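According to Swiss-Prot, the protein carries these features:
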type: REGION; residues: 1-267; note: region 'Amidoligase domain'
type: BINDING; residues: S13, K188, T189, K190, P191, T192, Q193, K224; note: UTP binding site
type: BINDING; residues: Y54, G354, L382, G383, M384, Q385, E405, R463; note: L-glutamine binding site
type: DOMAIN; residues: 292-534; note: domain 'Glutamine amidotransferase type-1'
type: ACT_SITE; residues: C381; note: active site, nucleophile
type: ACT_SITE; residues: H508; note: active site
type: ACT_SITE; residues: E510; note: active site
Amino acid sequence: MTKYIFVTGGVVSSIGKGIVAASLGRLLKNRGLKVTIQKFDPYINIDPGTMSPYQHGEVYVTDDGAETDLDLGHYERFIDINLNKYSNVTTGKIYSEVLKKERRGEYLGATVQVIPHVTDALKEKIKRAATTTDSDVIITEVGGTVGDIESLPFLEALRQMKADVGSDNVMYIHTTLLPYLKAAGEMKTKPTQHSVKELRGLGIQPNMLVIRTEQPAGQSIKNKLAQFCDVAPEAVIESLDVDHIYQIPLNMQAQNMDQIVCDHLKLETPAADMTEWSAMVDKVMNLEKKVKIALVGKYVELPDAYLSVVEALKHSGYVNDVAIDLKWVNAAEVTEDNIKELVGDADGIIVPGGFGQRGSEGKIEAIRYARENDVPMLGVCLGMQLTCVEFARNVLNLHGANSAELDPKTPFPIIDIMRDQIDIEDMGGTLRLGLYPCKLKSGSRAAAAYNNQEVVQRRHRHRYEFNTKFREQFEAAGFVFSGVSPDNRLMEVVELPEKKFFVAAQYHPELQSRPNHAEELYTAFVTAAVENMK
């Protein structure tokens, strides 16, 4: 029988529910259980694919092409699993499916209501996530906080699950803030008490509390929360602020969180062996050398827009025994006159993905600087496309060269829309999304990075591609297309082999990086940056 764990939040949003859920998932996996995890987002968008990064952070793409919440990146990195489209569910997606069923007559003339139709659809998503992965345990995180009007159907579905599958197969974990008032010199439990009261008013009694706090709460605070919130004292778990998020599973294990969960769900498993994870954390905590990487991006005011990029750089730093000293450079502010001032002290430059005209010329300047000064450079998605544009302008002398996305009237559309995208009008969910194979050129930097594999599978999110009409012209000038689709239609990886490291990929390698298995292209880039350290 599949076991279901539901993680809710109270008091404030962005409290770390996703990290708590991911940490628990890691502990349960290391107990020998097969774990999957999903995120419920109560917003009305179908998915975050068309949302501004300033609103939502990065869009995380799964193997099967779902555009999802950035928390799925935490889930995959912590638990080291590949999730699918059932791992992110929004209000918009549920209502869209319910309304389509109504139009098809599948409700046989019934009045379509939140209960049972919407809640049934939500429960079906929970169960489908478990069955499609054949998991022993599924962890479901509900976005937002208890009390949000948007969350009510989701919480009602969670309440019903207990009756549907039995109390021994369901566990509710509530994450709240435990604020410390300096003026009073004490921690305040009332916000948590009121949050639990609100949750109980919706029919859900939490079995465990996870309290986010800046300093240890002490047993007396835990006992007070246990008494007023009707949970066992040992089931009040502290989530202390830490220097590195990968410490959190170890902190949770030290408080017997996973054992309490297994006892409640009647799961008999050996203790989680976290030796390898602990060794990784010890290494992370004791890195002495730093390598400076300049990230030239459009959305640098909100680092969450590049969350997976940053994590992949960190993972590759672990492999190279260095910490990443990240220098955020706003591409919109980069010019030919100030580029040296902005990135001249960097050991490596990364130009990540993005959409739209703003900042594109600044990214091109950064790529030019890297090429002309032989600074290790990694381009990703739009970064790869602009690498081609920069080469066309400044090496091939194709003045006015650009991407047709950025300048539809360019005389040299080095990057053009994919053929199967031409007649598509909808923006959401219509990009080239998900896992695709890339055939690597023997002897190339890309092939060397991937241990001389002939083919790698990587995740994509783009609508435009390199225009192959220009391929011969590029190759004649020494530009190497070191990764292509198996049918040779799509240019996936480009490089200049005479440089220390000048490689760009159309796909998003960062989406498959893990703390205990860094993505290979990122690792090759960081290695080159370390060798270039000033």
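Our numbering is plain: 1 for the first residue shown, then up by one each step along the chain.
A Cβ is built for glycine as well, from the same backbone N, Cα and C atoms used for every other residue.
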Protein Cβ atoms within 10 Å of L382 (L-glutamine binding site), excluding its own: 28
Same-chain residues at least 6 apart in sequence whose Cβ lies under 8 Å from K190 (UTP binding site): none
Among L382, R463, E510, which are recorded as recorded positions, the nearest neighbour of K188 (UTP binding site) by Cα: E510
Per-residue Cβ crowding (10 Å cut-off), top of recorded positions K188, K224, H508: H508
Residues near Q385 (L-glutamine binding site) in space but at least six apart in sequence (CB under 8 A): S403, I414, I415, Y464, F466, Q506
Y54 (L-glutamine binding site) to S13 (UTP binding site) - Cα separation in whole Å: 16
Proximal residue to L382 (L-glutamine binding site) among recorded positions Q193, K224, H508, E510 (C-alpha distance): H508
Between T192 (UTP binding site) and C381 (active site, nucleophile): CA-CA distance (Å): 43
Neighbourhood of P191 (UTP binding site), C-beta criterion under 8 angstroms, separation at least six: G10, V11, T176, L177, L178, P179
Three-state secondary structure, which DSSP defines for T189 (UTP binding site): coil
Euclidean distance between Cα atoms of H508 (active site) and T192 (UTP binding site), Å: 40
Top Cα neighbour of T189 (UTP binding site) in the set of recorded positions G354, M384, E405, E510: E510
Close in space, distant in sequence - E405 (L-glutamine binding site), Cβ under 8 Å, 6 or more apart: F355, I415, I417, R463, Y464
Greatest C-beta neighbour count within 10 angstroms, which of the binding-site residues T192, Q193: T192
Densest Cβ neighbourhood among C381, M384 (recorded positions), 10 Å radius: M384
